[in-house]
Structure formats: C-alpha cells, structure tokens
Amino acid sequence: MTDALASQLNNTTLGDASSDAKWKEQLNVPAKDARPQTEDVTATKGLEFEDFYIKRELMMGIFEAGFEKPSPIQEETIPVALTGRDILARAKNGTGKTAAFVIPTLERINPKSTKTQALILVPTRELALQTSHVCKTLGKHLGINVMVTTGGTGLMDDIIRLNDAVHILVGTPGRVLDLASKGVADLSECPTFVMDEADKLLSPEFTPVIEQLLSFHPKDRQVMLFSATFPLIVKSFKDKHMRNPYEINLMDELTLRGITQYYAFVEEKQKVHCLNTLFSKLQINQSIIFCNSTNRVELLAKKITELGYSCFYSHARMLQQHRNRVFHDFRNGVCRNLVCSDLLTRGIDIQAVNVVINFDFPKNAETYLHRIGRSGRFGHLGLAINLINWEDRFNLYKIEQELGTEIQPIPQNIDKKLYVYDSPDTIPRPIANPSQPQITAQAANANIGERRHNHHMNGGQYQYGRGRGSYRGGRGQGQRRNMQNETKFGTQGQSSGKSHPTQVS
C-alpha cells in the first residue's frame, strides 16, 4: 500500500512556471497601449497581479481587459480589501480606482451561492453602466452574475431579473433602496458595501438613503469608500458606520500630472467664436465640452452643429434611453464632440478623450477637478481649456488657490506633444456594435477641421442639414425652448465660408 502511494506521488507533477506561461499564452489579450504614462500610475512598488494570489479565472479577465500591472491605488487597496477590512481610499481621477475595488470584490464572490454578495453604489446612471461593464469584463470567467439598476428605467424589469441569482448589484442609491424596501433585493447576506465617488454619495441629498441602505446589510459587513475628494461629512460617516478603516491617501497633489491647463479670457458673446477657433486649430481625438445648465448644453450643441461639426449632447433632463445611447455611441467613437452638463463629470472613463473645454467655468474647485479629469485618463496626456469671462475671474483665482495649481493663459500655439499621440492606433476603444459607424483612429486624430454635414441623430444627437441644426425633442428629453428668453451667446466669425448669425436668437 505504501509503495503504491509512493509511486503515485512520484508520478504526480505540480504546476510550474511553464504551465503558468501556457494559460497566459492562450489569452485573448488586446494590443498593448504604448502611450507614455505619468507617475500618477507608474510610481508603483513593482507588484504584479499574481502577487495578490487571486483566482486564475479572475487574472484571465484582468489580462484580457488590457491590464498589465497594478496601479498605485490598486497596489495599496487590493491586498487590504481581500482581508475584509473597511477601506477609505483617496486617489486622483483616472488612476484605476474602479478596478481597485472591483478586483477584490470579484475575488470574494462565491458563484455557487444565489445570494447578492456585493452592492456597489455610484451617484449617476452612466457611471453605474460603466462600473457594471467593468465587473462583467473582469469577471467573465468566474460565472458571476452582475446586475445594474438605476432610476429612469422600468422597475418591473429589475424585479424580474432579481428572481434569478444576482451576485453583484450595481446601482444608484434611490433605485436600490426602492428594491430593498420592497423586499425584492435581499441584502441580508451581502457582506460587501462599496461607494464610488463617495463624496457625492455622502452629500445631504444622498446621505439619508445611504444610511437606510446600510440597515439592510449584515452588521459584519465590509465598507469601502473611494473618491478623489473627501469633505468633512465623510469623517462623520466613517466614525458612525466604519470599523477601524484602513486609510489610503495618494493625493500629494490634486490635479493630474498629464493634464495641461489653459484659460482664454473672452466676452460672453465671443465664446462660440473662440470655440470655433479651437476646433479649427487643435488636433482633437475626442472632446467633452461642459456647460453650467441643461439649457445652455442644448443651445451650444445646436450652435456647434450649425458650424458644421459633429456633436452629441447629454444632460439630466433627457430620457434615460437617450442618455444611454449618447454615452454608448460616444464611447465607441461614433462622434468626436460631446456637450454636457456636470452629469458626466464623475468617474466616466473614455480613454480617447484628450481635450476638455469648460465653455462655462465651474463655480467650485471640486467640480473643476472632476471635469478636467475626463481627459488624461490613467496617466496619459490631456488638455483642459477654460473660457473665462469677467465674472469668472474670482472663481479662477479661488480654484487655483484651493487646488494649488496655476492655470496659464492660452498661448498663440499649443505644443501638440502636450496632448496629441504620434500613434493613435494605440488608444484603446471599447468594442463597438458592428451595425454602428465608428471613427478610425487615424480619422479621430486628424485635424478637427473635417466637417460632417450628414450626421443624423435625435434624443441628444443633432441632425445637421439644409444649413441649420435641428433636433427632435419631447417632454423629459430636452424640449425646444423660446429662444428669445435665452441667455444669448454667439459667434463673431464665420465657419468655412458658411454664413451664420452672430447671436442665437
């Protein structure tokens, strides 16, 4: 008997480095992103994902998503999160915070259980869709079910989906509370509670909802908070609901090192003309243009389209299905320019965006920080341009003081090395729907002066034709307004030989 066991042991071969190499070779890994990166993501301890001793199936999803090595926030967070300890993490926008909490959350899920084991809360619907997509992408080999639920969609659909096993629930606070209060979403055995953009979720409008949601969780839950900014209200939440949290602060400075910031001092009526000049001179791969109100979002999008540029718009008054369509198409490169309100300032990760323009300058440093963080994602280069009028000068000074940065006047010529990549093919894009047109990397990096006169869209997407921009609206999706009562802004110049009014009226 002993001899038989010894013989069996001799014939048993343990896994070695060569077998590990084989499973990596079989992975469908995307092309390497060869763009240079800043120290925001390269200043690591030298750890590999294998050093975290996570499941091979999870590592397969990580590598197939294009990850190579953990970023600083991932190095600090993942080992601690795997132990089940509460975490309070602060890091810059675009440095890998989402994967920092998704990876340990996926590792701790038991796919054989039908219970909901993790709740991830985010403040906006677009961020919920993006976060659920990350969960599904990284966990695609784990057999885990991920569900996203947000307001603006049918409640009955969510109830039907929750009849099946849902391991990770991603959503906005109001909708999740609605489902939990009705007894549809069972969080009684949900040990993981994550809040992304926690500073927003702990604002007065959300705090009562968050505290109610915590009451549905077991007392021995793990709470993880992630954000780029932490106001004082976070401390009161930590003292009340977290147990000896591990605090991570990678914010030695507030602004991303790869983002170059400029301001242009212009009169209100000259802003569109200035924007037109920027479009004609900059090499924009994709741009996001921010306004301070939903009315101005639509008005500016209409003006941009009349100038002959392709343009999407998005704001909170649109129907959710239209917002989803705009977000999906813009991520896939269908359009080059997106005009939006602060709806898309938080967490939205679109790697191809290299220019952010504040058409309306924000009122506070927090909003400014989140806006410009839409470019220069994951240590890459980006450009932020602020159009400043006389009333904005004090806000400009205040934001510079609070962020500890200096925003320079815009030069006559902007060095393309600050925001343009020599090889645009290296910019990763999501896999687009084959039925939808997609901008090639070469076209996306070409001069933005290219005009598109037959771009037909509605519900957040303008239709250009017969010398004017038009759109179809309806209740809740951005109604056409009485333009005579609008704040007027216009252009002092012409666009490529076309005649345009100097003011919107």
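Going from the start of the chain as shown, residues are counted 1 onward.
Keep in mind that glycine also has a Cβ here, set from the backbone N, Cα and C atoms.
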Residues flagged as motif 'DEAD box' in Swiss-Prot, choosing from 196-199, 280-283, 428-431: 196-199
Given ranges 47-75, 76-104, 163-191, the stretch to which Swiss-Prot attaches the annotation motif 'Q motif': 47-75
Listed binding-site residues (Gly94, Gly96), ranked by Cβ neighbours within 10 Å, top entry: Gly94
Spatial neighbours of Lys97 (ATP binding site) that are distant in sequence (at least 6 apart) but have CB under 8 A: Ile73, Ala89, Ala91, Asp196, Phe226
Which listed residue (Asn93, Thr95, Thr98) has most other Cβ within 10 Å, given these are binding-site residues: Asn93
Reported mean pLDDT - the domain 'Helicase C-terminal' (258-418): 86
C-beta crowding around Lys92 (ATP binding site), within 10 angstroms: 24
